[in-house]
Amino acid sequence: MNAALSQRETIFVEEAEILAHDAHPGDQYTLRLQAPQIAARALPGSFVHLTVNAQRPMRRPISIMRVDAQKGYVDLLYKVFGEGTALLAQNGIGDTLNLMGPIGKPFEFHADKKRPLLIGGGVGMPPMIFCADVLRQDTNYQPFVILGSEVPFPFQSQPSEFMVPGMPGGVIAAMPLIEQWNIPSRLTSTQGYPGCHDGYVTDLARHWLDSLADEERHEVEIFSCGPHPMLEAVARLAKEYDLPCQVSLEEFMACAVGGCAGCVVQVQTEQGPAMKRVCVDGPVFDAYAVF
Amino acid sequence: MNHDELELLRTDFCGMDFQTPLVLLSGCVGFGEEYTRVVGYSNRDVGAVCLKGTTLEPRLGNPPHRIFETPMGMLNAIGLQNPGSRQVVDTILPELDFAETRFIANLSGSTLEEYVEVARIFDDSPIDAMEINISCPNVKEGGVTFGNDPEMSARVVAACRAVTDKPLITKLSPNQTDIADNARRCIEAGTDGFAVINTLMGMAVDIESRSPVIGNNQGGLSGPAIKPIALLKVHQVYQVAREHGIPIIGQGGVNSAEDAIEFLIAGASAVGVGTALFYDPLICAKINAGIVAYMNRHGLANVAQITGSLRLNDAGGSCS
Ligand SMILES: Cc1cc2nc3c(=O)[nH]c(=O)nc-3n(C[C@H](O)[C@H](O)[C@H](O)COP(=O)(O)O)c2cc1C
Ligand code: FES
């Protein structure tokens, strides 16, 4: 059956009030929006398509970082990148933004892959945080989170209370929210931030993978979101260790419902190369099909 | 909207019964089902939906980036990504709900023969009408290279005319010297209607990399930025088309009921909405309501009374 036909009425349009809008170093902002319909249905990997300002009527896709289905809000993290996001940053508490969501095919967890490795880079961190929030609610999983950033992290890091095998000496910085969830995390940067691993997310992932016993390593599945070169490196790492790997991609979007084919990425399929729409065929793809 | 209001919007286009004068434009709404993902959206809010440009064989389309926002508009160079006409007729059309609206195929090709083959395939299908896209700026062959040459435009129209009795709508390019002359030739060649205008060719440059942002280097400009150009072209084509009773789907930057009414006044019988759907997926219901309010305010009984009601200023120049 036509994929779209089975998905009638799955994307909601909400006039969402801004509940919080906080600036962080490096032109990063966290945004909390009242959008109960979207909050009730979003999954890790889902994004919203939002109107930033009447002067720039084209919407911007932004991944969802967290939802509270009870209170009906969604949290987003974005970085000012161009005129659209600069205008978005000017909105204040009490203003409303028009949101479409939740959109996209989410990450899929597999019960036999008990050790999800979540790797997020820059504004690719949010979907990893959403993954961690969902995984913490299922005792089957023992996730480990690695976050990398070349601008200051949009949160105050803290020394981790968890021992993580394979971590080089001094690599102790963690994200407080994820610590609260009893999930170990570590941070990386080449900017020399204290407690962070000096290098790339994939270097730290390698340390961790090497420290695992073979049976443990067979239980790892990698989930990742971040800049394209980082995802390429993550995909290479997955191949090297022969691990399954799902990546969430970004592309400019117009409709975000599958109607314009403006957001495609080339993937390998059994029938040969194909152009898949990041908005509705993704944003989550099998890394082996993309890279 | 109540029954009487719905009746006001009912519009005849090339013998087709459009429940409203709005038409969703090719390339913006996939193959007719995509926008139904959105709660509150309905294909019943429009008179017709134009499907994505379809070629004989499947096409992968252009490399990314394919779209980019520009001031009050956007560039696109999709490159006619589509699964091929056979696939559209065999697997997509059977899943469309023809009770909801009229569906129009968008015929595209690189050669005259390809247009004809695609027209033949759609002729033997439940599709309501066909739009001949001789104005796509984003492919190397065919498309706008045919549309900018009146002789070639007429040949494509005549060749498609020979293989189908379904309504044929010719989609004209704004990227040509004399759109009215082209329209005249297409009428002689047997077109039943026009779509005016397709996108204008444009470019955007990334000043850091010094490369065009669009993978295909150039793209088609759409959205509110092109509306004044589109309005004048509709007016010019209407001068030629009205004496033959050939209706026009006016399009290019429609983003409100007021925009739609401007196009009707300039000579359109129906009005296309493309880029504005990206801004607001629920816009069609709002445009319908705005047109009804206008009609009530002016005591109008049907949309056709607005079509071509433009009153030119006596002191002004001619618009051709
Ligand atoms: C993303 C995109 C894809 C398009 N693809 C097609 C196409 O396949 N065939 C066609 O005839 N026109 C195509 N068009 C042109 C539109 O149908 C329409 O004529 C044009 O965008 C002007 O209307 P608008 O300003 O309301 O979008 C496309 C436009 C956009 C924005
Ligand atoms: S943005 Fe239109 S198909 Fe993805």
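Note: Cβ is positioned from N, Cα and C throughout, glycine not excepted.
Unlike curated entries, TrEMBL annotations are predicted automatically.
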(message) Going by the substrate site in TrEMBL, where B:Lys52, B:Asn76, B:Ala77, B:Ile78, B:Gly79, B:Leu80, B:Asn198, B:Thr199 are listed, which of the candidates B:Asn133, B:Asn255, B:Asn288 is also part of it?
(response) B:Asn133
(message) For the FMN site that TrEMBL describes with B:Ser26, B:Lys52, B:Gly53, B:Asn106, B:Asn133, B:Lys171, B:Ile197, B:Gly252, B:Gly253, B:Gly274, B:Thr275, which of these is also annotated: B:Gly223, B:Gly308, B:Gly316, B:Gly317?
(response) B:Gly223
(message) For a quick check of understanding: among the binding-site residues B:Gly53, B:Gly79, B:Gly252, B:Gly274, which residue's Cβ has the most other Cβ atoms within 10 Å?
(response) B:Gly252
(message) Using only C-alpha positions, which one of B:Gly53, B:Asn133, B:Cys136, B:Gly274 is spatially nearest B:Ala77 (substrate binding site)? These are the recorded positions in the record.
(response) B:Cys136
(request) Sort out for me which one of B:Asn133, B:Cys136 has the most neighbouring CB atoms within 10 A, since those are the recorded positions we care about. (result) B:Asn133
(request) List, in sequence order, those recorded positions among B:Ser26, B:Cys136, B:Ile197, B:Gly252, B:Gly274 whose Cα sits within 10 Å of the Cα of B:Lys52 (substrate binding site). (result) B:Ser26
(request) Have a look at the binding-site residues (B:Ala77, B:Ile197) and report the one with the fewest Cβ neighbours inside 10 Å. (result) B:Ile197
(request) Return the members of B:Lys52, B:Gly53, B:Ala77, B:Gly79, B:Asn133 (the binding-site residues) with CB less than 6 angstroms from at least one atom of ligand 1, or none. (result) B:Lys52, B:Gly53, B:Asn133
(request) Specify the count of other C-beta atoms within 10 Å of the C-beta of B:Ser26 (FMN binding site). (result) 27
(message) Please report the Cα separation of B:Gly53 (FMN binding site) and B:Cys136 (active site, nucleophile) in Å, rounded to an integer.
(response) 9
